[in-house]
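S.K.: Sharing the record's features from Swiss-Prot:
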ACT_SITE  HIS75  active site, charge relay system
ACT_SITE  ASP126  active site, charge relay system
ACT_SITE  SER220  active site, charge relay system
DISULFID  CYS60-CYS76  disulfide bond
DISULFID  CYS192-CYS207  disulfide bond
DISULFID  CYS216-CYS246  disulfide bond
DOMAIN    34-269  domain 'Peptidase S1'
CARBOHYD  ASN84  N-linked glycosylation site
CARBOHYD  ASN104  N-linked glycosylation site
CARBOHYD  ASN155  N-linked glycosylation site
CARBOHYD  ASN158  N-linked glycosylation site
CARBOHYD  ASN218  N-linked glycosylation site
CARBOHYD  ASN266  N-linked glycosylation site
SIGNAL    1-19  signal peptide
Amino acid sequence: MNCGKIILLFITIIGVAKSREENCKCGWDNPSRIVNGVETEINEFPMVARLIYPSPGMYCGGTIITPQHIVTAAHCLQKYKRTNYTGIHVVVGEHDYTTDTETNVTKRYTIAEVTIHPNYNSHNNDIAIVKTNERFEYSMKVGPVCLPFNYMTRNLTNETVTALGWGKLRYNGQNSKVLRKVDLHVITREQCETHYGAAIANANLLCTFDVGRDACQNDSGGPILWRSPTTDNLILVGVVNFGRTCADDAPGGNARVTSFMEFIHNATIGETYCKAD
């Protein structure tokens, strides 16, 4: 292994990312008034997006990373390649998808382009970038997450992270009508391997677990957020990929965002990211 080349590549990626940062905000949340609840406040998490499909009852989550891109799971889009993603829309600023009365920032966007990771398969490299035809209208209620430029080597084991989505409230149950949140803990790769094996639980997977808590069906593609202890910004560290069933004794598997920063950069060339203060 040529360590020199690996170090040079890492420095190059970080250098490119920093050269494209701007002094604009990212990764903020709006204070919640809900105590010990799992429903979020309206527009509490401005970076959350949702993919909606022609088929009723199917949803995926996503996260705003630039004014025209979201990141999601590849399996949310792979089977729609043959139809050029016709009928799929990106929705931002949403809380309760059955009504538009609780917030004035909900907007639907058509898709211009989808970039699926070239090495995606059913359990590896499950990440994709969606570009919309129009740019998002940023406000305090709609805006980007922070990407982990400053945390490429940070060990998140035992750290608390937050999963967000409109997914099912229990396995094979009904979808939540409102955006919900759940706090989980990051576990070690070795712990994850005992459930899924080394081929799946590789270095590109971020595994999360808490007894009785989990992301669930239709939460796929949604964010796993970690709050920076130094800046208080919300950092995108994972993209929801899979679980055995919802909230059983097996961890959830999420694409580890730090492993895919070069892919994200290459899929968003020409865009600028906001940096954490």
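Each residue, glycine too, has its Cβ placed from N, Cα and C.
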S.K.: When the Cα-Cα distance from ASN84 (N-linked glycosylation site) is computed for each of the recorded positions HIS75, ASN155, SER220, which gives the smallest value?
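M.R.: So, spelling it out, the nearest of the recorded positions is HIS75.
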S.K.: Nearest to CYS76 (disulfide bond) by Cα, among ASP126, CYS192, CYS207 (recorded positions)?
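M.R.: Closest recorded candidate to CYS76 (disulfide bond) by Cα: ASP126.
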S.K.: Look up CYS60 (disulfide bond) in the DSSP assignment and report helix, strand or coil.
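M.R.: For CYS60 (disulfide bond) - judged by DSSP and reduced to three states - the answer is strand.
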S.K.: Rounded to a whole angstrom, what is the C-alpha distance between ASP126 (active site, charge relay system) and ASN104 (N-linked glycosylation site)?
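M.R.: The separation of the Cα atoms works out to 33 Å.
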S.K.: If I take the alpha carbons of HIS75 (active site, charge relay system) and CYS192 (disulfide bond), what is the distance between them in whole Å?
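M.R.: That separation, Cα to Cα, works out to 21 Å.
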S.K.: Recorded positions CYS60, ASN155, CYS192, CYS207, ASN266: which have a Cα within 10 Å of SER220 (active site, charge relay system)?
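M.R.: Neighbours among recorded positions, in sequence order: CYS60.
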S.K.: Counting only residues 6+ away in sequence within the same chain, which have a CB under 8 Å from the CB of CYS207 (disulfide bond)?
M.R.: VAL186, ILE187, THR188, ARG189, GLN191, CYS192, ALA201, PRO251, GLY252, GLY253, ASN254
S.K.: Radius 10 Å, atoms counted are CB only; among the recorded positions ASN84, ASN104, ASN158, SER220, ASN266, which position scores highest?
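M.R.: Buried the deepest by this measure is SER220.
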S.K.: Could you pull the average pLDDT for the domain 'Peptidase S1' (34-269)?
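M.R.: For the domain 'Peptidase S1' (34-269), the model's average pLDDT rounds to 89.
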S.K.: Going by C-alpha positions, which of the recorded positions (CYS60, ASN155, ASN158, ASN266) is nearest ASN104 (N-linked glycosylation site)?
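M.R.: Checking each of CYS60, ASN155, ASN158, ASN266 against ASN104 (N-linked glycosylation site), the shortest Cα distance is to CYS60.
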S.K.: Using only C-alpha positions, which one of CYS60, ASN155, ASN158 is spatially nearest ASN266 (N-linked glycosylation site)? These are the recorded positions in the record.
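M.R.: Minimum Cα distance from ASN266 (N-linked glycosylation site) across CYS60, ASN155, ASN158 lands on CYS60.
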S.K.: What Cα-Cα separation, expressed in whole Å, is found between CYS60 (disulfide bond) and ASN155 (N-linked glycosylation site)?
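M.R.: About 28 Å separates the two Cα atoms.
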